[in-house]
Amino acid sequence: MKFLDQAKVYIRSGGGGAGCVSFRREKFVEYGGPDGGDGGRGGDVWIEAVEGLNTLIDFRYQQHFKAARGGHGMGKQRTGARGEDAVLKVPVGTQIYEEDQETMIADLTEVGQRVLLAPGGNGGWGNLRFKSSINQAPRRSNPGEEGEERWIWLRLKLIADAGLVGLPNAGKSTFLSVATAANPKIADYPFTTLHPGLGVVDLGTSTRFVLADIPGLIEGAAEGAGLGHRFLGHVERCKVLLHLIDCTQDDPAGAYRTIRSELEAYDADFADRPEIVALNKIDALTPELVKEQLKQLKKVYKGKPLLISGVTGAGVKDALYAIAQHLGFNNDDIPLPKPSNADEEDPDTDQPWSPV
């Protein structure tokens, strides 16, 4: 299924039904009087967060949603039928904006959450309502009230426990494919991942969490460069970030600074968001070169970076357990592996990871 995280749709609620002009006609009743019923109320337009959806792709094929008009009033004081509602079903995590793309209408963060987008129009009055002491036989009724119409924007922000961030070609998709059962596109060129991906990490017992692969960010992402705003929006809901840095590039410290600057420029709250930093692709360098890259990274990152390889699996489990601990899982029943020591003189890059 293709991933779509933004869509513009047109909505219109149903207009109210017209009131009826009718008079009572019955044998031996010469002056029956008015008995026209009111029109029915038009249908509303709702939006609802449902389970089982993780993309807005359905709105690529249907952009117009219209509720039904209310039924017209009838004689014998019969009110018209109410118009059927229109319900837009979206994934959890969808935000609704006005057409200006700045004014937020609602943020759907829970399954079953519903928001009224456009109420239906009221039904018109039948002539019975216009009867008075000076007008016993009114021939007047009201048309139904027109429904509301508007354009809105839908934006999906994935709800994941942890997010993978980094520059393009940092190995995020490879890590996701090794850590979960997800099958993202993997290739040896930048911007392979064009849409966010999700996978479920299962560490045994009840330790499970959702991991999101965020497409590569570039300098200026906070200002919208390279679809930066759309990608950063998915990071916004993650409780912890795993920052992958390609150790084969010339400046790992610069790569770290670039991503951190863009995150904090987009939202100051990212400064306090838990972060795990890992040097990836250590299988591509000798232990001596890995040590040198680690030294460069520590000039800007004061913590202890992990050493991992998505290809061989080295250090992957360490990173996953570090994420689980930040998420507050109880790991008492899980045999934790010995953490990788980034301060060792000769980091071991030759031992492949095994899930056993």
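Cβ coordinates come from backbone N, Cα and C, glycine included.
Copied over from Swiss-Prot:
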- 166-173, 191-195, 213-216, 280-283, 309-311: GTP binding site (BINDING)
- SER173, THR193: Mg(2+) binding site (BINDING)
- 1-159: domain 'Obg' (DOMAIN)
- 160-328: domain 'OBG-type G' (DOMAIN)
- 333-356: region 'Disordered' (REGION)
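Other Cβ atoms within 10 Å of the Cβ of LYS172 (GTP binding site), summed over all protein chains shown, number 30. In this structure, SER173 (Mg(2+) binding site) is part of a helix by DSSP. For the domain 'Obg' (1-159), the model's average pLDDT works out to 93. SER173 (Mg(2+) binding site) sits 9 Å from PRO215 (GTP binding site), taking the Cα positions as reference. Around PRO215 (GTP binding site), a 10 Å sphere centred on its CB holds 23 further CB atoms from the protein chains shown.
GLY166 (GTP binding site) counts 25 other C-beta atoms within 10 Å of its own C-beta, drawing on all protein chains shown. Looking at ASN169, SER173, SER309, the binding-site residues in this record, the fewest other C-beta atoms within 10 angstroms of the C-beta turn up around ASN169.
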